[in-house]
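Visitor: Could you have a look at this structure, given as structure tokens, before my questions?
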Amino acid sequence: MIKTYDSNEYDVIVVGAGHAGCEAALASAHMGQKTLLVTIGLDMVAFMPCNPSVGGPAKGTVVREIDALGGQMGKNIDATYIQMRMLNTGKGPAVRALRAQADKWQYHEYMKDTIENTPNLTLRQAIVDELVVEDGVCKGVITNTGAKYHAKSVVLTTGTAARGKIIIGELMYSSGPNNTTPSIKLSENLEKLGFKLRRFKTGTPPRVNGNTIDYSKTEEEPGDKVPRHFSYESKDENYLQNQISCWMTYTNPVTHEVIRDNLDRAPMFTGVIKGVGPRYCPSIEDKVVRFADKDRHQIFLEPEGKTTKEVYVGDFSTSMPEEVQLKMVHSVAGLEHAEMMRPGYAIEYDVVEPWQLKHTLETKNVKHLFTAGQMNGTSGYEEAAGQGLIAGINAALSAQGKSGFTLGRNDAYIGVLIDDLVTKGTNEPYRLLTSRAEYRLILRHDNADLRLTEYGHKLGLISDDRYQAFEEKKQAIKDTQARLHEITVHVTDEVQDFLKSIGQEPMKAGVKADVFLRRPHVTINDIERLTGQKIDGDRYVKEQVEIGIKYAGYIKKEETRIARLKRQEAKKIPADIDYNMIEGLATEARQKFEKIRPETLAQAERISGVNPADLAILSVYIQNGRYSRVNK
């Protein structure tokens, strides 16, 4: 038995320095709270144990939202990327997504340096074994060395280290990601405190030596020449021009035969793996079995950094035995002679059932305790970072005795993510998708600053200088809209020729420039050229104005739906309501309401298994004052 001793006191303690923990700790420190960030290993701060990239559909928007609120992830990737690409450029603005290939080692070093040089923030290596909980309130943590740290709020971000178990074929051993030390006792402590845990599984592919790849047999995927950024503070002139390409290749029938011949040794199919894996990131053996009609699957070869030869074999996640992995790799075009530097593996880990959380990410049964990241059942660095930021903000507010901060489904993808977790729970690693957002034309990649910067400034995470620049951008958008309404586009041969070139009907009479801009494929730059009028030099201002005008009708429809949502969100459900007193509720609805304890009628409406009749009964029960009579 290790003897405990009283160590330092803090306002906020964050356990785990992955992508969630880093955002949580930085937010707390920036809000003026004395913060301790504890990690199992200092070499794993903001480490990328799987894909060395940031962003993509929905996820890229989350990174922009983190930046707009004053978080770090966007700045960190802008300082350390080796390639940047905008995805879905041929589609509408609601689904466009920025994705960056990271130098994973630089990413870790840059984040660690940021943390080490942030006032109010202490970084320490230790394993947290136990929470200090008194009368249902979390008041600190105890480490494996016996140090007892006291705090007003605690944030847990254990990632995949919680009772982590790595599986490679027949080999199984206790481990955190990338062969790090796992966290065992903390999970046991959470169970003793009454938390419901479950097992999830994720996996990672082999890494191969880039010097042994025959790139002539693969297809190049270069970065964009047009400057792109995740952070609104990054400058176009700093955009990296000499980017490192990724490469694309495919599996083939030989690969699939190797996999099928060894399914009797595949932990995914032998029953060895008990945890539920991610639906949207299946292992290659799972894909071959589930999609037996496909004769090939796409693979991306992604460099892990500028100073390493390790290449990540994307979309090739596997837990097959090592010698089988070698055969699989060598069957792929371009990888016939590739040297495998690290085998792929599966990892099982504990997660907290997220219905046990409030929208602030505070736990319902232990006050002043917050959880964030993969331990809440999500997958992905970006989802983790978004949760970490919200948990860190609320831990800091809680430490100051202030009310919590939440984002709605109409505010941000982060709001969609947290609401899905809290009201619906998840039976598998949750991945954020654009299809999960009802208001995705409002929640775009390009307008995260317009949606969220004001919140960040009020919280103390956005500086006055940055907020002033934001206000100037908003004014420039208004000025540009007004300018377009003043300018007339006249019928000229040049205008008619231009319209013909983009497949548009010719003009019959002159129109205001904002009306002309509604036409597909017309830009403000085109209007400037055709009219000789200078409108605005900032491409980001032009982008906002163009989208606002072209999609005005659709945006108005979404705003109408959001107004209805807000009316429902305003209808609060008393916290101590007894659902057993409500006559007529379906049994499933009664059980779900009792378990999840929704705070508003809008949240109750989103719980799976609840039908409109149940909502009507609940609404009438509250509105008619029956609740108040019962509780007198």
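Each residue's number is its place along the chain shown, starting with 1.
Placed from the backbone N, Cα and C atoms, the Cβ positions cover glycine too.
Straight out of Swiss-Prot:
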{"type": "BINDING", "residues": "Gly16, Ala17, Gly18, His19, Ala20, Gly21, Val128, Ser183, Gln374", "note": "FAD binding site"}
{"type": "BINDING", "residues": "277-291", "note": "NAD(+) binding site"}
{"type": "COMPBIAS", "residues": "216-225", "note": "compositional bias 'Basic and acidic residues'"}
{"type": "REGION", "residues": "206-225", "note": "region 'Disordered'"}
Visitor: List the Cα distance (Å, whole number) between Val289 (NAD(+) binding site) and Gly16 (FAD binding site).
Guide: 36
Visitor: If you measure from the Cα of Gly16 (FAD binding site), which of the binding-site residues Gly277, Arg279, Ser283, Lys287, Phe291 is the nearest?
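Guide: Checking each of Gly277, Arg279, Ser283, Lys287, Phe291 against Gly16 (FAD binding site), the shortest Cα distance is to Gly277.
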Visitor: Rounded to the nearest Å, what's the C-alpha distance separating Ala20 (FAD binding site) and Ser283 (NAD(+) binding site)? Just drop the number here, would you?
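Guide: On Cα coordinates alone, these residues lie 25 Å apart.
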Visitor: Of the binding-site residues listed here (Gly277, Glu285, Lys287, Phe291), which is spatially closest to Gln374 (FAD binding site) when Cα positions are compared?
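Guide: Answer for the nearest of the binding-site residues: Gly277.
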Visitor: Looking only at the compositional bias 'Basic and acidic residues' (216-225), what are its DSSP counts of helix, strand and coil residues?
Guide: 2 helix, 3 strand, 5 coil
Visitor: Please tell me which one of the binding-site residues listed here (Gly277, Arg279, Glu285, Lys287, Phe291) sits closest to Val128 (FAD binding site), measuring Cα to Cα?
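Guide: Among Gly277, Arg279, Glu285, Lys287, Phe291, Gly277.
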Visitor: Could you give the maximum C-alpha to C-alpha distance in Å for the residues Gly16, Ala17, Gly18, His19, Ala20, Gly21, Val128, Ser183, Gln374 that bind FAD per the record?
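Guide: Comparing all Cα pairs, the maximum is 18 Å.
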Visitor: Non-local Cβ contacts of Glu285 (NAD(+) binding site) (under 8 Å, 6 or more apart, same chain)?
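Guide: Result: Ile259, Leu263, Ala266, Met268, Phe269, Thr318, Ser319, Met320.
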Visitor: When DSSP is mapped onto helix/strand/coil, what comes out for Val128 (FAD binding site)?
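Guide: Going by the DSSP assignment, Val128 (FAD binding site) falls within a strand, counted as strand.
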Visitor: Far apart in sequence but close in space: which same-chain residues, 6 or more away, have a Cβ under 8 Å from Gly277 (NAD(+) binding site)?
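Guide: Sequence-distant Cβ neighbours: Phe200, Lys201, Thr202, Gly203, Met268, Ser283, Asp286, Ala346, Glu428, Pro429.
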Visitor: Using C-alpha atoms only, work out the spacing between Lys287 (NAD(+) binding site) and Gly18 (FAD binding site) and round it to an integer in Å.
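Guide: Spelling it out, the Cα of Lys287 (NAD(+) binding site) and the Cα of Gly18 (FAD binding site) are 29 Å apart.
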